[in-house]
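Notes follow once the structure below has been shown.
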Amino acid sequence: MRYTGLMGILLTLVNLLQLAATLRIAAFNIRTFGDTKMSNATLSSYIVKILSRYDIAVVQEVRDTHLVAVGKLLDELNRDIPDNYRYIISEPLGRKSYKEQYLFVYRPSQVSVLDSYHYDDGCEPCGNDTFSREPAIVKFFSPYTEVREFAIVPLHSAPTEAVSEIDALYDVYLDVRQKWGLEDIMFMGDFNAGCSYVTSSQWSSIRLRTSPIFQWLIPDSADTTATSTHCAYDRIVVAGALLQAAVVPSSAVPFDFQAEYRLTNQMAEAISDHYPVEVTLRKT
């Protein structure tokens with residue numbers, strides 16, 4: 001009995017050491033994330049539980065202009081450990097009255113924000129902008145990983161414009177390189193990069209896919225949806241030799257929170273119709 005208990009403690013310590021030796025990053029489209037969802041104790045508890053898995057999490061489909069829901073989220077994330085998480089959020093983005101924000105939550109004990117900017121994709125009133133929700137780009141410094149500085153570029157594409165928007169991320173890549181002199185860049189989020197929105201014949205027209213600069217970590221065969229569909233909408237794409245080398249092999253996966261927490265279909269879809277997509281970076 002003592003031996004069994006000791007082995008359990010040792011296994012727990014090994015797991016903790018493994019977690020401490022890595023940096024876990026995710027993108028999560030939380031459907032219509034706002035005060036209504038964060039005011040529901042059950043839903044908010046699962047959202048906090050999911051996001052607590054990550055050192056950096058990019059939350060998409062945030063609809064919280066006055067940051068009421070974001071405030072509640074940070075209160076819960078920091079309930080047990082003060083200043084465990086901080087955040088940076090974009091302005092409301094969208095061509096018409098419907099707007100969304102990109103929210104980054106991160107552990108300041110693991111990474112720090114060096115800089116951020118909104119990609120200039122053209123004139124919205126003129127109708128010649130590229131993205132429905134242009135990327136809000138954040139540069140991080142990570143003192144403990146093999147790659148010290150890297151940028152995260154989020155995208156929640158408009159489904160009917162997924163092909164052109166994913167292709168245009170190549171231009172965002174060039175812009176980030178020119179602005180910051182940085183090659184280690186991670187693109188992530190709900191690209192709507194699958195099923196009827198991006199068909200097999202359309203991949204050849206997407207520079208982010210055809211260029212050897214980029215590694216696509218979530219395969220076309222993946223299912224990133226919490227619904228009855230089987231689509232690889234959510235993706236992670238990495239550029240830069242240091243960042244690519246820092247990726248732990250086979251760590252880029254959708255996180256099936258329904259299976260992990262044994263949720264009903266109804267409860268899972270109430271949280272979101274998407275799973276987070278996650279990846280782990282090695283620490284030195």
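Cβ coordinates are placed from backbone N, Cα and C, and glycine is handled just like the others.
Owing to the predicted nature of the structure, the values given are computational and were not obtained by experimental measurement.
As annotated by Swiss-Prot, active site applies to Glu100, His156. The annotation disulfide bond is assigned in Swiss-Prot to Cys123-Cys126, Cys195-Cys231. Taken from Swiss-Prot, the feature N-linked glycosylation site covers Asn40, Asn128. Taken from Swiss-Prot, the feature signal peptide applies to 1-22, supported by similarity to another entry.
What Swiss-Prot annotates, mapped onto the structure for a quick look.
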residue	record	DSSP class
Asn40	N-linked glycosylation site	coil
Glu100	active site	strand
Cys123	disulfide bond	coil
Asn128	N-linked glycosylation site	coil
His156	active site	coil
Cys195	disulfide bond	coil
Cys231	disulfide bond	coil
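Taking the Cβ of Cys195 (disulfide bond) as reference, residues of its chain lying under 8 Å away and at least six apart in sequence are, in sequence order, Thr229, Cys231, Tyr233. Distance from the CA of His156 (active site) to the CA of Cys123 (disulfide bond) is 19 Å. Least crowded of the glycosylation sites (Asn40, Asn128), judged by neighbouring Cβ atoms within 10 Å of its own Cβ: Asn128.
Cα-Cα distance from His156 (active site) to Glu100 (active site): 9 Å (rounded to the nearest whole number). Residue with the densest Cβ environment among the disulfide-bonded residues Cys123, Cys231: Cys231, by other Cβ atoms within 10 Å. Each of the active-site residues Glu100, His156 was scored by the number of other CB atoms within 10 Å of its CB, and the largest score is that of His156. When the Cα atoms are compared, Glu100 (active site) and Asn40 (N-linked glycosylation site) turn out to be 20 Å apart.
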